[in-house]
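Worksheet: one structure, shown below.
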Amino acid sequence: MPLLDSFTVDHTRMNAPAVRVAKHMSTPSGDAITVFDLRFCAPNKDILSERGIHTLEHLFAGFMREHLNGDGIEIIDISPMGCRTGFYMSLIGQPTESKVADSWLAAMVDVTNVIDQKDIPELNEYQCGTYEMHSLEQAQDIARMIIAAGVSVNQNDDLKLSDEILGNL
């Protein structure tokens, strides 16, 4: 099985909250696609609650689009990581890490401003596979944690696993 890019970085050295360019690629027509690792908490140390991350999934995707889309940038998808330490965001374009970080912080402020659980988008049995597994309170706690900590940048060169380590795993 091929080694995926996300497993060539040292998760023990990742800062969080932090933005990392996980991958650059181009479509056959030449459009730039960038995949970002939006690391909310330190791998193997913290984990996002399942209700909190699920509610963030519903809110974060829309709020990030409001703050980041435009000027040659269009978000394709924002999905939670299986390890529940963050999200992957795929988009058309190549925004800077600082622009992504600023948009992320603005989106977290938006999350804290949601007034009621009924204001969570697509919160119904027709549009959500586990519509009862949500917590606005937990999502807002996560958002406040991100705002308080700020968002830094993880550089791939600083996190790259050596061939020796990879060979021994």
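Every residue gets a Cβ built from N, Cα and C, even glycine.
Per Swiss-Prot, the feature Fe cation binding site maps to His54, His58, Cys128; the stated evidence is sequence analysis.
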Residues near His58 (Fe cation binding site) in space but at least six apart in sequence (CB under 8 A): Ile120, Pro121, Glu122, Leu123, Cys128, His134
Structural state of His58 (Fe cation binding site), classified by DSSP into three states: helix
Spatial neighbours, same chain, of His54 (Fe cation binding site) - Cβ under 8 Å, 6+ residues apart: Pro80, Thr130, Met133, His134
